[in-house]
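Per Swiss-Prot, the features are:
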type   : residues : note
REPEAT : 270-309  : repeat 'WD 1'
REPEAT : 312-349  : repeat 'WD 2'
REPEAT : 352-391  : repeat 'WD 3'
REPEAT : 396-438  : repeat 'WD 4'
REPEAT : 440-481  : repeat 'WD 5'
REPEAT : 484-517  : repeat 'WD 6'
Amino acid sequence: MDWKLEKISSRRVRGEEDMMWESIMKTLGRDLKWSRKYNMQKMNKTPDGRSSYSRFKRSIMKRRACHVPFASSPVSTKWCQNMDQMQRTGISSSPSEEYCQIPDPLVLLPYLTEIPVVAIRDCDQKLDSLKDISTPKRTQKVLKKLLSKTRLRFLQEQNILQTVEEHKPGPSIRCDNNMQICEKDTCTWKECLQMKKKKSLVQKTQKDNICSRAVLQPEIQLHISGLHNDYYLNLLDWNSENLVAIGLKSTAYIFSGDNRTVTQKIYLPSPATYVSSVSWISNGTCLAIGTSSGEVQLWDIETQKRLRNMLGHMSVVGALNWNHHILSSGSRLGHIHHHDVRIAEHHVGTLQHKQGICSLKWSPCGSKLASGSSDGDLNIWPCDPAGETKPLLNMPHPTAVKAMNWCPWLSDTLGVGGGMKDGLIRIWDTKCGKNIHSANTNSQICSLLWLPQTKELLTGHGPSRNQMTIWQYPSLLKMNDYYGHKGRVLHLALSPDQRRIFSAAANGTANIWKYGN
């Protein structure tokens, strides 16, 4: 049998040049694959296998581009500078023009002004119309993807613009906070109108709780809106000039106890920044304001000027207190800063807690500083701002130490109220660190005040009764309960003549009580 060989196709012989290029491409491919794998591991993973900070930061930035930023962290980003302004009401003279400044305009991110809202509807209509077109499925997917990206880009830039507008500086009109005296029958406040429908029930409830030995009588009722329902803030103070300062969201209101009117308002630049603490200097009209952005501002109420803006904190400043010219401020990161307001380099000392600062109080003689934190630590510090950084005493509590005050007639005695899971009043002797008296209230204690005229103790409570209670000292025998609020009584303040008490509650009400024998 003869075999016939046929040539089916010509054999291709690779030349040296082809082999060289093939080798080069293989080498480059291996190098690129190894390099990308190595770099991704290096960039995205840390030695312990967790995500790196750069990857975490990129994901946060992508979220901010799509959504309004969350206020889930007390740490301040410091991404915008504040320009504050102060305003008087009608009964006051016009503000000083020397301080009035026009804030620099904020540069907005790109905004698609040429794309109306109809553009979004057009994109949706085009997406729906693709279902009826007899085109290949792959082509439909590509077109849908392109139209979806156009719609998403438009919505993202709209969200970014809204975020920037929230931080836009300037004296914008604030509708989220207000303060006015209740006019009883003619009052037009929303909550007051609702209460009129239940008037008979309210009167009966109050009548049943009136006691013959009552020493507190309601004198003025105020409606307030914008008071943060935050247990860890200190938003009320009454000074020696009979002026009450109260923080309502991004505005500090100044209420005159003599005229019984709101005389001044101090605005923070943006609704995103709120007043977190207020404190008057011992003698004078200098007001310290702590903000949620970590700033401590000093204002002179008489001249209507901001004296200075002291930086240093990186989180919410929830507590302030004065000791002559030394201002102490506490933040939610657990730092306590001492500021000497007389000098340019104001920061003269720092103290440290493990958790956030809830309260700061200097003793009446100014020799000791008491600080309470959210983890239940109560520390007593010496009066040496630039020196010793270790506490004299540490007295642990089962809950946060927020309701705290020094006894005005016993300089070494400190009263502390327990939180939700505690409810105990504890009286401490700070000389030896002993708990000398205690009483169970069966309720959260939100505020605590000493009453010098009758040598008694007043506490403001939370759920479920939201009452104010007077206790006899030192026996801590309950004298009477007072019901003037439907929300927890977060703040209490005593007038300079010690005859009136200002109470502010979470339900948007504030009362001025007449106090005496």
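Heads up, the Cβ atoms here are built off N, Cα and C, so glycines get one too.
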Long-range environment of the repeat 'WD 6' (484-517) - Cβ separation under 8 angstroms, sequence gap at least 6: 179, 191, 215-225, 227, 229-231, 233-242, 244, 246, 257, 444, 446-449, 451-454, 458, 460-463, 466-468
Non-local residues, at least 6 beyond the ends, that sit with Cβ under 8 Å of the repeat 'WD 5' (440-481): 209, 211, 213-216, 231, 402-409, 415-420, 423-425, 427, 487-494, 498-499, 501, 503, 505, 507, 515-517
Tertiary contacts of the repeat 'WD 2' (312-349), as residues 6+ beyond its ends and Cβ separation under 8 Å: 74-76, 232-234, 276-282, 286, 288, 290-292, 294-296, 298, 355-362, 366, 369, 371, 373-374, 383-387, 389
DSSP-assigned states of the repeat 'WD 3' (352-391) in counts, ordered helix, strand, coil: 0 helix, 19 strand, 21 coil
The repeat 'WD 6' (484-517) - residue tally per DSSP class, helix then strand then coil: 0 helix, 19 strand, 15 coil
